[in-house]
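A.B. asks: My questions all concern the structure below.
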Amino acid sequence: MVNPTTSEVHPTMGVKIFSAGVAACLADIITFPLDTAKVRLQIQGEGQISSTIRYKGVLGTITTLAKTEGLPKLYSGLPAGIQRQISFASLRIGLYDTVQEYFSSGKETPPTLGNRISAGLMTGGVAVFIGQPTEVVKVRLQAQSHLHGIKPRYTGTYNAYRIIATTESFSTLWKGTTPNLLRNVIINCVELVTYDLMKGALVNNQILADDVPCHLLSAFVAGFCTTFLASPADVVKTRFINSLPGQYPSVPSCAMTMLTKEGPTAFFKGFVPSFLRLASWNVIMFVCFEQLKKELSKSRQTVDCTT
């Protein structure tokens with residue numbers, strides 16, 4: 001992101017995909033409790049979790065979960081989350097530069113905003129379709145409660161895949177693809193384009209060098225913009241994916257039920273943990289991604305020089 005100078009090593013597509021996958025997995029492991037808190041806040045009010053448990057704020061939700069269901073609950077669904085990043089983030093982030101270059105091929109000028117958005121749309125759309133089953137399982141495991149004699153729907157990650165496919169249908173593993181596609185198209189375009197533009201502005205105007213402080217600031221700004229614009233689609237996606245069979249006939253029905261029963265603010269439930277999670281996830285992921293790309297490219301150049 002931001003074209004390297006002629007003196008810099010151009011990372012290959014394989015290096016970008018691998019770096020994105022590893023960086024995203026690391027970011028997920030560190031920020032996963034925030035994601036679990038976000039999911040619980042987003043589904044609060046629809047009646048599946050006992051009304052005696054109320055989650056208030058980020059720290060309140062994390063503390064309540066730890067006290068009532070145990071610390072491991074904060075990481076329930078992590079294996080599916082890691083699988084999601086391997087199949088999803090590695091593609092949407094790792095392929096972004098390559099697809100952007102394809103749309104800009106034959107032009108001497110830097111990629112236009114249209115090129116960047118087109119690349120974000122394409123990589124985000126493909127990644128969502130491939131990674132959707134992991135998203136469904138992750139959300140289901142994060143949402144299920146063990147309180148007050150409620151029997152868990154799933155005992156683990158692979159049990160969840162099997163139960164969903166056999167008791168609901170194989171296609172249920174792609175449940176919520178539409179709102180998730182909308183959410184991730186927004187995220188991919190806003191996150192990657194904002195990060196790219198912010199980083200380019202800082203580097204090209206010589207405000208910051210293309211190094212860790214620049215990556216930190218760019219990632220933080222991208223995280224805020226992305227969270228604000230993607231929140232409504234994110235809440236609807238979580239509600240629809242976690243819903244029982246027949247609870248919502250369609251995605252629009254889910255959105256309308258939320259609007260009529262809980263009001264427009266329901267679309268921003270879990271905004272604070274969502275922002276904290278996405279901003280911190282972005283910072284960790286982009287910093288690790290940039291450093292991994294550099295180091296792997298240098299290693300590759302060293303190997304090439306010695307052979």
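Just so you know, the numbers here start at 1 and follow the chain as drawn.
Glycine is no exception: its Cβ is also placed from the backbone N, Cα and C atoms.
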A.B. asks: Tell me if THR260 and ARG300 end up on the same side of the membrane in Swiss-Prot.
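C.D. replies: Domain labels do not match for THR260 and ARG300 in Swiss-Prot.
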A.B. asks: Below 8 angstroms Cβ to Cβ, which residues of this chain, lying six or more residues outside the topological domain 'Mitochondrial matrix' (33-73), approach it?
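C.D. replies: For the topological domain 'Mitochondrial matrix' (33-73), the list is 81, 139, 142-143, 145-148, 150, 234-235, 238-239, 242-244, 261-262, 266, 269-270, 272-274, 276-277, 280.
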A.B. asks: So which residues does the transmembrane segment (11-32) touch in its own chain, when a touch means Cβ under 8 Å and the partner is 6 or more beyond its ends?
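C.D. replies: Distal contacts: 74-75, 77-78, 81-82, 84-86, 88-95, 97-98, 277, 280-282, 284-286, 288-289, 292-294, 296-297, 300.
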A.B. asks: Restricting to the same chain and to sequence separations of six or more, state which residues have a Cβ under 8 Å from that of CYS254 (cysteine sulfenic acid (-SOH)).
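C.D. replies: PRO179, VAL236, ARG239, PHE240, SER243, TYR248 - these are the non-local Cβ neighbours of CYS254 (cysteine sulfenic acid (-SOH)), listed in sequence order.
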